[in-house]
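Peer 1: First, the structure itself, so that you have it in front of you.
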Amino acid sequence: MISDAIRAVILGIIEGVTEFLPVSSTGHLLLAERFFDLGSGNFWDTFTVLIQPGAILAIVVIYFAKLWRVALGMFSNPADRRFVIGVLAAFLPAVIVGLIAGKYIKELLFNPWVVCFSLIVGGAVLMWVDQLDHRPREHDATAFPLPMYVWIGIAQCVAMIPGVSRSGATIVSAMLLGADKRAAAEFSFFLAIPTMTGAFAYDFYKNHADMTTDDLGTVAIGFVVSFVTAIIVVKAFLSYVTRNGFTFFAWWRVIVGTLGLIALALGR
């Protein structure tokens, strides 16, 4: 029997590694819980959301100088103000869809079959986009045209289907709209801050009354582990995709999804 602390460490590592890669952290966490007995039930379903602030904090730490500059300049600098408006415009579609359909998406689609098919289809799309002859026009994630931010936000809504990947949907849409690989990845990171913070706040509000002191300790372990892991992964990811693209992650998705389908077909 795996202790809660060990479960928290393992799930924290999975969250930190997969949250900002285009491979679906939610999908990997659901499959880990299903196939490796890494927690099931209401608390562990909520746990995967409650540890996300660790990954968010990693982005804030890595990009602190840029985010602080924007925060100081958004009332006086038109470029900084336009970026803040762009992030909010990209965030808004997820809020609307989440409030209207979030409950039904969770009830109907949060199962391992959907995750596996989504991983495979998303991997094929990622591979296709990576092989296109890109002629990027946008090289600065803080200076995209406003309509581009909106379209990326709409694409992010597709990632409410588990296995699609929030970062995958936003990176792919940004590249199709003219961003280079690094700028697409960086805007995906910036958009994660309000999106994941909102998801955390909503889940915590709904479930905090049912949590015990021990539960809070378990969440704290997962938080710290996801934070440390995410800092390492994000820095390595940016360096890797700038040179090599996303094909490795596309194959990762296809292989994990295929193995998952085989396991499900065998009755796991």
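Just so it is clear, glycine is given a Cβ too, placed from its N, Cα and C backbone atoms.
What Swiss-Prot lists as transmembrane segment is 47-67, 83-103, 109-129, 144-164, 184-204, 218-238, 246-266, and the listing cites sequence analysis.
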Peer 1: Count the CB pairs under 8 A between the transmembrane segment (184-204) and each of 47-67, 83-103, 109-129, 144-164, 218-238, then give me the winner.
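Peer 2: By Cβ pairs under 8 Å, 47-67 leads among 47-67, 83-103, 109-129, 144-164, 218-238.
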Peer 1: Quickly jot the same-chain residues contacting the transmembrane segment (83-103) by Cβ under 8 Å, restricted to those at least six beyond its ends, or write none.
Peer 2: 70, 74, 142-144, 146, 148-150, 152-154, 156-157, 160, 190-191, 193-195, 198-199, 202
Peer 1: Does the transmembrane segment (47-67) come near the transmembrane segment (218-238), with 3+ Cβ pairs under 8 Å (pairs 6 or more apart)?
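Peer 2: Yes; at least 3 Cβ pairs under 8 Å.
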Peer 1: Taking the transmembrane segment (246-266) as the reference, which of 109-129, 144-164, 218-238 gives the largest number of Cβ pairs under 8 angstroms?
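Peer 2: When the Cβ pairs under 8 Å are tallied, 109-129 comes out ahead.
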